[in-house]
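Please read the structure below before turning to the comments.
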């Protein structure tokens, strides 16, 4: 332990990471640097600075940074270029935030001369893997302190007792038993885990949802959006250009208004267990549908199918924490290359929990009306050619059937 003189802690200002801060001081006798990232969680972050100061952190060792634009531009948008979904439903809202936090922690460790980094992820979840794979990929020699795998504070009561003994300010909600759910939020989504959600037979309570109205209570009038795309990324809504963070914020607002993006999911964690979570991803749900819409007229068929084949692998890499791996980076180069001609606009309809594409157009379109028409195409397509195409593709099946008959 003596070789660790300074450690950078991913710090939220909440009970868990405040206890970790004090525990690091007590058990490692190390100078603690706190890093708090604004990635759109919607919380006031200055209280984290105040609490860190109360716990003896030097002002120059407190880092609070607005990373919302970088988060959407460099992490969310690249992921959505691949139409990424984990296990058919999950849009990876938590998974995609961890690589950015890990990256910035390592940068701060280099800048401050820290020998170690620390996080508040438990020993049961995926986040410990995501953080630490990122740390080691970006700084191979870094030391990692994961308190939940070291200490004996394995219950809420023990955490509260430690906090009280150490003089850590305790919010009233923790004294009264804590929040009903374990929640994680950023610009892409908000997640809910724990408490009665740990019983997969129990339906989520109606008052749990924060960002979306129920589809039944959504407006009776549908709303239409024209979303403009450049190189696979959304850049404007109804003619108004928006920054990446502004884009996702506005789509969240519009999607939430129409009850879009709710998900109740049992997923397979990388560490081996099944876990239930509920998610609200209104803006991401709209982006996924719209992106598929613009790709439908701008991507070559085989390129589109190749992307579909690779997507589950790409999604698993992100979910499991391999954002900074060579294979994810290689896949990203391919994905980004496919997006060069993904330009144009998509019209989507928002109505009572659903989002559907109703129109799309592009200067790069591969949709040829003269060939696709059911009317006279003026010779653009010779239907007689289809006969030879079919016979050649049927050849192997005809040979197989003839062989079967000969064998009796």
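Cβ coordinates come from backbone N, Cα and C, glycine included.
When Swiss-Prot records 90, 95, 126, 130, 182, 267, 279 as binding L-citrulline, the matching candidate from 191, 296 it lists for that site is 191. Site annotation (Swiss-Prot): ATP is bound by 10, 11, 12, 13, 14, 15, 16, 17, 18, 37, and the candidate from 88, 93, 113, 120 recorded at this site is 120.
Look at the binding-site residues 12, 18, 95, 122, 126 and count other Cβ atoms within 10 Å of each Cβ; 122 has the fewest.
Note on proximity: of the binding-site residues 90, 127, 182, 267, 279, the one nearest residue 14 (ATP binding site) is 182, by Cα distance. Figure note: comparing Cβ neighbours within 10 Å for the binding-site residues 182, 191, the maximum is reached by 191.
Binding-site extent for L-citrulline: residues 90, 95, 126, 130, 182, 191, 267, 279, maximum pairwise Cα distance 19 Å (rounded to the nearest whole number).
Overall, the recorded ATP-binding residues 10, 11, 12, 13, 14, 15, 16, 17, 18, 37, 120 cover a maximum inter-Cα distance of 17 Å.
For the recorded site, residue 95 (L-citrulline binding site), the DSSP three-state label reads helix. Within 10 Å of the C-beta atom of residue 127 (L-aspartate binding site) sit 20 other C-beta atoms, taking all shown protein chains into account.
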